[in-house]
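One structure below.
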Amino acid sequence: MASSLSAIPHLIIMSAEFITGITVNGFLVIINGKELIKSRKLTPMQLLCICIGISRFGLLMVLMVQSFFSVFFPLFYRVKIYGAAMLFFWMFFSSVSLWFATCLSVFYCLKISGFTQSYFLWLKFRISKLMPWLLLGSLLASMSIAAVCMDVGYPKNMNNNDFLKNATLKKTELMIRPINGVLLVNLALLFPLAIFVMCTFMLFISLYRHTHRMQNRSHGVRNASTEAHINALKTVITFFCFFISYFAAFMANMTFSIPYGSQCFFVVKDIMAAFPSGHSVIIVLNNSKFQQPFRRLLCLKKNQ
């Protein structure tokens, strides 16, 4: 078992994030799954929630397994945790979670923003039909990234003690090549990040234009559209914070340069686990259809 005192708060934080994430993402899957059984169809938002819930559930399981072995079985962690199977699932769920979050930001942007350009209106009126294809494309892109990462061959080099010591120039070059390969593959995730940033920026512009227009017409009185803009913007900005923090921690972790068992090592793991838990909590709290069922689930009915 890891002897560092930093492992104790890490276990507490990871356990809290894991329980929260499993509860919230399980709720998203179950509540929308019941709707599918009941009505035999799903809205784009409900379909998104099911996909997000399943992907976050898988990501949390992978991160929890990594965390468990890093604390209690450090030797196994160093030797086996980056094997082909675990690496594939980690890369797949990480990628698909980011892609699904991007699809959600695109959905918010198209449904709420008030742009009138022809291409924007074309997407706006067809997003419901395009959403299943966007989700399928996200799934295929994530599987491709995960499959490519398996061919990098990093685990074999990781387990060679002479290699880790960089005894020769040849071994040093072997270390640099797979690290660059892993990072290069994961730089593909900059594409969904760029789309996410663009959608956030467009919501900012749309909100500014709408607010300015309403102030000129009704002396600053807010209407339903303004409230929808503000709520969507708050949600997307929160998503953005989780998105950026996970992406940064994930890329830092994939360099394998952070000392094992250090405070930074455990902080990076905690940050990564916050994304699949916190992101889904915000989805539930900002959707009026989910609030009451979620309160009933937690036995938090209002006393009225």
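Using N, Cα and C of the backbone, Cβ positions are placed for all residues, glycine too.
Where the annotation comes from TrEMBL, it is an automatic prediction and has not been curated.
Annotated features in TrEMBL:
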TRANSMEM  12-33  transmembrane segment
TRANSMEM  45-69  transmembrane segment
TRANSMEM  81-110  transmembrane segment
TRANSMEM  130-154  transmembrane segment
TRANSMEM  183-208  transmembrane segment
TRANSMEM  229-251  transmembrane segment
TRANSMEM  271-288  transmembrane segment
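Of the candidate ranges 12-33, 81-110, 130-154, 81-110 contributes the most Cβ pairs within a distance under 8 Å of the transmembrane segment (229-251).
When Cβ-Cβ distances below 8 Å are used as the criterion, the transmembrane segment (183-208) is approached by residues 91, 94-95, 98-99, 101-102, 105-106, 108-109, 112-115, 141, 145, 148-149, 152, 226, 229-230, 232-233, 236-237, 239-240, 243-244, 247, 250-251, 254-255 of the same chain, each at least six residues removed from its ends.
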